[in-house]
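Asker: Found this in TrEMBL, in case it helps:
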type	residues	note
DOMAIN	2-233	domain 'ABC transporter'
DOMAIN	291-357	domain 'Mop'
Amino acid sequence: MSLLISVHHKFGDFILDAKFEAPKGLTVLYGRSGSGKSTIINAVAGLLRPQKAQITVGSQVLQDSDARTWVPPHKRRLGYIFQDSRLFPHLSVAGNLDYAARASRRSIDTAHRAQVIDMLDIGALLARRPIALSGGEKQRVAIGRALLADPQVILADEPLASLDGARKAEILPYFERIRDETDIPILYVTHAVNEVARLATTVIALEKGKVLRQGPARDVLSDPRARPMGLGAVGAVLDAVIKAHHDDGLTELDAGGAAFFLPHVAQPIGAKVRVRLPASDVLLAHQRPSGLSALNIVSGQVEAIQNTSESGAIVTLSTCAGPILARITQRSVRAMDLRVGNPCCAIVKTVAIASDLGTDLA
Ligand SMILES: Nc1ncnc2c1ncn2[C@@H]1O[C@H](COP(=O)(O)OP(=O)(O)OP(=O)(O)O)[C@@H](O)[C@H]1O
């Protein structure tokens, strides 16, 4: 199942003109405030009828302005997850979950219900009212309610924005599970680059109502030319596997043969993780340095040097772990005499990659 969107809508000076596909998996709408993310979500939800649009899910047309086809919101099979969980306070967790199934006018599929409850670890919460749940627990129930509405698409509008860092870290794995264990396309709005890096199958980078760049997270976040959230958010995204948990509290990751050490990651050995290395937190050296506190040193070759301003540059190294980017000054590029093809080492501080994975040095 895939969601196809082509939408044109004008609000005064703001013109939304976006066309993209959200395939199976999690598609992040990523961009600054006012770039058009909510307008797209509202168009899919049917809360806004854009002046011109073609929106289809699988073979079902939700809107085709040329053919004057328009499916009203209540007839669209959508699951919503909002920033605030919006659970019904007078219903228990079980009541909230069953409401979703009833609202979709389907009989409750008990096997599916049990599977969702298990996937979200909410079995122990079923009898509680929302007032007795933590923010993270509420969001897990909200995810369950969205799944049990038997949706063709899940719309998640900044679902982690109101949670603190620890609660965010608690919820992220559940989004990974629904991304990986269901076939339902998820359209997910966020400004947070760590959520994009961790969750996105596909990123739609938006700027002023236009699609600036679209593709897999590693391609979009590592493109210094497409930077909807500024240069601070540009960086590499590496696929890694948990290799070992060491006695000194560090977890060792393997990314294509390169070792990365970070504070304990609460995932089992063999688990796959994505690691974001912000370009601003990477240093370069001609040779592997010695006598340095940084634990993460990867050697490679200069693949590209792109000037990003009058004085700044992004240097991309090709390494066994994948492309690694460093944001340095053009003065440093000249002082190091960096050229495409030169061997070079990237040095990354452990703490720079730690927080994105919900782990941190105490
Ligand atoms: N109903 C409306 N009437 C007029 N202008 C609107 C309306 N809704 C949105 N806009 C304008 O459209 C533009 C895009 O808004 P939108 O809410 O889609 O952005 P966003 O990327 O979701 O922002 P945020 O991250 O702040 O939620 C903004 O300039 C906004 O002011």
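Yeah, the Cβs are placed from backbone N, Cα and C, and that goes for glycine too.
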Asker: Given the model, what does the mean pLDDT over the domain 'ABC transporter' (2-233) come out as?
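Answerer: That stretch averages a pLDDT of 91.
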Asker: With DSSP, how much of the domain 'Mop' (291-357) is helix, how much strand and how much coil, in residues?
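Answerer: Counting residues by DSSP class gives 14 helix, 34 strand, 19 coil.
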